[in-house]
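> This is the feature table in TrEMBL:
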- H27, H77, D159, H163: Mn(2+) binding site (BINDING)
- 3-84: domain 'Manganese/iron superoxide dismutase N-terminal' (DOMAIN)
- 94-192: domain 'Manganese/iron superoxide dismutase C-terminal' (DOMAIN)
Amino acid sequence: MAFELPELPYAYDALGPYMSAETLEFHHDKHHQAYVTNGNKLLEGSGLEGKSLEEIVKESYGKNAGLFNNAGQHFNHIHFWKWMKPNGGGAIPGELEKAIIADIGSVAKFREEFLAAGAGQFGSGWAWLTLKDGKLSVTKTPNGENPLVHGGTPLLGVDVWEHSYYIDYRNARPKYLEAFFDNLVNWDYVAELYAKAA
Ligand code: MN3
């Protein structure tokens with residue numbers, strides 16, 4: 001199964017002023033495209049052709065670094081585009097909100113932990129809301145890694161590679177994280193993933 005670049009689920013200028021068209025043009029058309037192109041080259045002859053993307057991510061982890069980095073980032077970005085929407089943020093759907101309160105303490109504490117994980121990830125990587133063994137938690141991973149390779153299910157992830165925010169926020173990663181959480185997150189999609197995984 002060859003990797004394919006999905007179209008953005010909204011217009012390039014739809015996430016302004018929180019994420020600009022210029023950021024999305026570079027991030028989607030150049031960075032994500034490069035993971036797809038390089039991933040397809042590295043998939044050839046890897047023995048993992050014909051597997052699903054999730055299987056490729058899990059099975060290449062720790063064994064085929066080049067393929068893993070590109071397949072992991074392909075997986076992460078497919079979801080990242082869907083984890084955002086115009087006029088996002090706001091209230092978290094009921095069942096998911098209940099689970100966040102039960103497992104993390106409160107929505108405010110979840111927000112605080114999520115922003116801290118994103119700001120505290122040294123260098124490139126991701127911060128996550130992860131479901132593992134029936135419990136929600138906030139985690140972070142370096143580079144293209146994600147919760148799949150640690151036995152969890154990623155329900156929400158934010159890209160903290162500089163290419164995700166430098167055009168709009170320069171070095172102010174915490175401001176980008178606040179804008180992401182408060183104004184961009186598509187909670188309906190997060191709730192959909194939670195309902196599937198829980
Ligand atoms: Mn990225």
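The backbone N, Cα and C atoms fix where each Cβ goes, glycine too.
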> Near D159 (Mn(2+) binding site), which residues of its chain come within a Cβ-Cβ distance under 8 Å, counting only those 6 or more away in sequence?
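When sequence neighbours closer than 6 are ignored, D159 (Mn(2+) binding site) has H27, N76, H77, F80, W126 within Cβ distance under 8 Å.
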> Do you know the DSSP helix, strand and coil residue counts for the domain 'Manganese/iron superoxide dismutase N-terminal' (3-84)?
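Residue counts in helix, strand and coil order: 49 helix, 1 strand, 32 coil.
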> Give me the sequence-ordered set of same-chain residues, not including H27, H77, D159, H163, with a C-beta within 8 angstroms of the centroid of the Mn(2+) site's C-beta atoms.
H28, H31, H32, F80, W161, S164
> What are the DSSP helix, strand and coil residue counts for the domain 'Manganese/iron superoxide dismutase C-terminal' (94-192)?
54 helix, 24 strand, 21 coil
> Among the binding-site residues listed here, H27, H77, H163, whose Cβ has the fewest other Cβ atoms inside 10 Å?
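Relative to the other binding-site residues in H27, H77, H163, H163 has the fewest Cβ atoms within 10 Å.
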